[in-house]
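According to TrEMBL, the features are:
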BINDING   Cys112, His115, Cys184  Zn(2+) binding site
COMPBIAS  15-26  compositional bias 'Low complexity'
DOMAIN    44-219  domain 'GTP cyclohydrolase I'
REGION    15-35  region 'Disordered'
Amino acid sequence: MVTQNDDVARETAIETATEAASAPETSDLVSADGSRHYDEEGVRRAVYDFLVAIGEDPQREGLLDTPDRIARAGKELFGGLYKSPQEPLSRQFKTDTDEMVLVRDIELYSVCEHHLMPFHGVAHIAYIPSNGMVVGLSKLARLVEVYARRPQVQERLTKQIADALMTELGAKGCLVVIDCEHLCMSMRGVKKSQARTTTSAVRGIMKNAATRAEAMQLICRG
Ligand SMILES: Nc1nc2c(ncn2[C@@H]2O[C@H](COP(=O)(O)OP(=O)(O)OP(=O)(O)O)[C@@H](O)[C@H]2O)c(=O)[nH]1
Ligand SMILES: [Zn+2]
């Protein structure tokens with residue numbers, strides 16, 4: 001049972017954590033249309049309550065700053081909710097070729113939306129430019145970050161990256177392959193730590209059997 005004293009202690013602990021925070025009180029994470037913002041204070045409260053609910057003492061020394069730490073970490077882990085694919089893909093430049101571009105083994109960390117536990121692995125992105133228009137290679141990794149830093153399922157993550165390459169970059173075709181370990185399957189539940197999940201999305205002229213096979217061969221080469 002939560003008593004009034006517990007409430008006061010909770011407020012005090014949250015205030016202390018807030019004062020100790022180096023991050024500004026007003027979150028700078030706001031969606032482009034202003035409809036969504038990251039509520040750091042709300043996250044602190046929820047983590048405090050969660051610790052109580054699992055039978056912990058959020059006021060013991062080791063946990064005192066935990067609500068604040070998680071509120072700050074959440075800005076990184078879920079920061080993609082406040083970004084759009086236009087950010088990395090708008091800085092295009094022209095080359096004199098429309099040959100395939102492939103970036104392999106792009107590390108990714110995301111959070112599964114079912115258990116809010118990490119899944120991590122690599123993304124491989126191949127695309128065929130249109131009229132020689134390409135983006136810097138790092139922008140493909142930044143695109144992965146936009147969609148990985150959200151509560152996700154691997155299938156949607158894969159699809160969103162492929163769709164953005166077609167709509168924002170105007171690629172003639174693309175292939176996105178993602179290979180991950182899901183900690184919700186490894187450290188809890190069915191506990192299969194060797195299991196890896198591979199998802200793919202193919203768009204445009206990359207559906208052509210020969211082109212697709214060439215991309216897959218390059219991806220598997222590693
Ligand atoms: N398709 C898909 N499933 C996922 C992903 N991440 C986690 N899951 C699965 O989501 C499912 C959620 O199943 P539920 O039956 O609702 O939850 P649960 O009782 O905790 O399931 P168990 O993990 O089997 O104990 C589990 O099978 C997870 O393995 C993902 O990215 N894609
Ligand atoms: Zn999960």
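Count begins at 1; order follows the chain as displayed.
Even glycines carry a Cβ here, placed using N, Cα and C.
Automatic, uncurated: that is what TrEMBL annotation is.
Under the three-state DSSP scheme, Cys112 (Zn(2+) binding site) falls in the strand class. The domain 'GTP cyclohydrolase I' (44-219) scores a mean pLDDT of 97 in the predicted structure.
Cys184 (Zn(2+) binding site) falls within a helical segment according to DSSP. The Cβ of Cys184 (Zn(2+) binding site) lies under 8 Å from the Cβ of Cys112, His114, His115, Met117, Phe119, each of these being in the same chain and 6 or more residues away along the sequence. There are 18 other CB atoms within 10 A of the CB of Cys112 (Zn(2+) binding site), with all protein chains counted. Cβ neighbours within 10 Å of His115 (Zn(2+) binding site), excluding its own Cβ and spanning all shown chains: 15. Apart from Cys112, His115, Cys184, the Zn(2+) site neighbourhood in this chain, defined by C-beta within 8 angstroms of the site C-beta centre, holds Val111, Glu113, His114, Leu116, Met117, Phe119, His182, Leu183, Met185.
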